[in-house]
Every structure is written in structure tokens, then in C-alpha cells.
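Worksheet: the structure to be examined is printed underneath.
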Amino acid sequence: MSRYFSFFFLALFLHYRIIVASPFEGFDAEEDDVTDDSSHLLHHSLPPPLLTQSHSSLSDPDPEPEPSSAECKSDLITESDLEHQSDSKTPSSTPFEYWDEDEFEGLPVEIETLESPLITENGTHADPKTPDLKTSSEAQGDTNDQTKKKKSYAVEIACVCFLIALAINYFVGKRENESLALAWAAKFASKDTIFQKNFSMLGVSELEDSPLLLKEALNVFKFYASGRRYCHGLLATMELKSRHDLISRVFNLVVPCKDEITFEVYMNEETMDHVVFAMTKKKAAKTMQKEMRDLQRFAGIVSPPAGRKWVSEEFALISESKEVAADLITDTVLDQVFGDKAVDKYGKNFMSMHISDQHPGKHKKMMLFKFSLPDAKHMDDIVRLVALIPYYIDLVGRYRLSSQARNKTESGRQKAAEEAYKELHNARQEALQKKKAEKKKMMEEAEAKMSAEVIRKKEAKERARQVKKAVPKMKMSRSH
């Protein structure tokens, strides 16, 4: 009877050991799932133990005590709980699939999910809320590189756009200046125009097919005419805005300037009398008198005469005498351009007029007219101004001073000639003194480099020359 009880207790003990060991050894698949799920539910409350890979099959020297039946029952989870938990969350595969689970006994398997902490390269768990310093520094470096590239691209794009604007403005401005010059030539230098009627030869050469305009620069054009009495010829110079230069164009928007044309008439020496006369705007009268040497020396600002029709109040006259001013400002000129009634319409482009027989330069007897150019569509505004040129060529060529005015002008010119001679003589003396001083300095520097023997010989030679110079010369004569 005792033998039967022994077998019964032995079987009961073995059965109990199998039931208790199955959740830890992973032999039963269904119980493994239950254990995995239970460990997944409890992994937040229990700190994860260190995972070490076993290299031997040695048993643990300190085995854990066997759990009681109550503890085993508390670890079991029903099938309904498993189904409910599997519907709410699906666990992901473990990151250590290459490990053998049989080698880890008595340890809950921690399943890595999307919500589990990140594992870094050194095996430590990283907080997903804490940014990686290396990753953040690389991202910041990439952002800085992209910002620098954008800035460099912006500078390059701006430079390319500026170059394109320069090129476009160059061709457009060049075309505008050429169109303006051709419009002037078509209005005043073509067939049946003012210059064609008053001069026998037009253009830059004597050939029949010679061009009318000479282009010296992108904004400078010249026109030449000759073959008229009282003068050698006429040279017109158009100085236009630098429209081809983008910077000059922008500067002109801030400081406006005008297109100008200057006429230089070279008078014959024998036809032009003693005349120094100028006319300009009142604001520029004093400046013009200071800049022009002949006006500064011979002429002064003339006040308007009483009881006579005169130029508009916006003009000022600079003349050698009142007689010359009265003779050159005729009623025809006042009615056509410079009078109060005509100046607003026909004289708005007038800048200055200068007539002188003492003009500084190669040609002394000259007449200069300076006008502002309108645009190509309004060339009719300066028709009467251009007509003044042939009118004054004839007027000044025929003009003769009275005896009283001539004596006054001759005395002034004689005095000016003496002053000019003195200035020239003083300039020559200064140049000669400067040359002597330089020569003396060079000789002193050369003597400083000589030896004592050379200096002694030179002094002896100089004394002999002085003695020879002091001896009176005797002239030998032969008597017959």
C-alpha cells in the first residue's frame, strides 16, 4: 500500500514540475504566447535587465526558489484577454531574432514595438524625446550649407542680371543717340535745309558721297560745313547724354542734364573787326565771364539801355562797349528769338553766344553758339536758333566800329598785348633761371663725387682761363 502512495506522489510531483517549468522553458507554443503577452504588459513596470549571451551551459549556482501554485496561477492569462489584447496592439518582431531563446531561462522576453525606446549603436536605450547631438549637428550643418549656397546663388543671379541690364542698356542707348543725331542731320543738313542753302560743302570730306556726321564717340557726333563768305568754315559738335552707360543714365535721373550742340564758326582775319561780345542766361553770366579770358580782360556786363527794346530779362549781355552790344542785338533778332514775346517759344533752348576777335586758342576770331537739343520729334523748336548762325556770320563780317570805339578798343588791345608780352617774358626768365639752377645743382653733385686731384686740376685750369681772359688783347698790324 505504501508503494502505491509513493508512485502517486512521485507522479503528482513530476506533473507539478512540468506545469511550473513550461512558462520559462518555452516548450509549449500556446503557453509561450501567454508568457510573451504577460511580459509585454509588465515591461513598463519592471526595469529591463541586462541581456547577456551565454557562452557555456553551466547552471546557475544560486537557483531561484520554486514559485508557488498561487503565483503560477496569477501569471496565467485567459484566452479572452489574449484576443482583446491582440486586437488593440500587434507586437512587432524582436530585434534580437538571431539569439536562441532557449539559452535564456527565467527571463521575460521584451518585444520591441514602435513605442519602445530606441536602441543606440553602443547598446544603450535612447530617449526618443532627446535629440541626438550628432544628428542635430549634421542637420544644422546641412542647413547652413544650403543657406550659403542660396546666398551665393543670389549674388551670382544678381551679377548676371546686372550684366544683362548693362548689355541691353548699351545697345538701346547707342541706338537712341544715333537716332537723335540723324534726326538733327535730316532736319538741318539734308537737301533744301539751312546749311545746305548757306554752305557749298557739307560733310567730313570733299567727296560727294562723304557722310554728313562724324562719330567720335558713342555720344559725340560732329558736322562740318565750309564754302561761305566771311568765314573759313563751321564745325558743329553734338555732345549727347551717355545713354549707353547704365550708371550715367541712373545718375542723370538724379541730376538731370541736357543734350547740347555747339557751333564754332572760324571767321576770316581781314573781315572781322574788334568785337568782344557774349550773351547767356543771367545765372551763368558771371561764371562765363570768369572762365573766358577775353571776356575777363576786355568786357563787362552791360545794363539794358533806356527807351529801347531789349532782350528778355532772363538774359545778360557781356560786351566790350555798349555800342557793340546795341549794334549786334538788332530788332530782327529780338522779334525772332530773344524778345519777350518770342523767347518762351523759340528761345527756351538757347544757352550762350560768344563772339570775339581775342579768343584764346589757335583761331582768335571766332563765334560760338551753344544750344540744347530737343528730342527727335521736336527739332522744329531750334529752327530759329540755328538760323541765327548764318545771320550773325553776315552781320559780324560786315560790321565796322566807329572811330571813337575803335580807338578805345585799340588802346585796350595794345595794353593787353603789352601785358601778354610781359607775362611771356617773365615765363621765359623763370624757365631760364630754373634751368640754370638745375645745371648748377648737377655740377655740384658731380664735383662732390670727384677726387681731390681732379678738383685741383680743374681749379688750376679755371685760374689759367681767368688770367688769360684778364690779359689785354694786342692787335698786330702790318704797315706798307
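Each residue, glycine too, has its Cβ placed from N, Cα and C.
Swiss-Prot assigns the feature region 'Disordered' to residues 38-72, out of the candidate ranges 38-72, 283-317. Note on the transmembrane segment (153-173): residues 218, 242-246, 249 of its chain, located 6 or more positions outside it, place their CB under 8 angstroms from a CB of the stretch. Applying DSSP to the region 'Disordered' (404-480) sorts its residues as follows: 65 helix, 0 strand, 12 coil.
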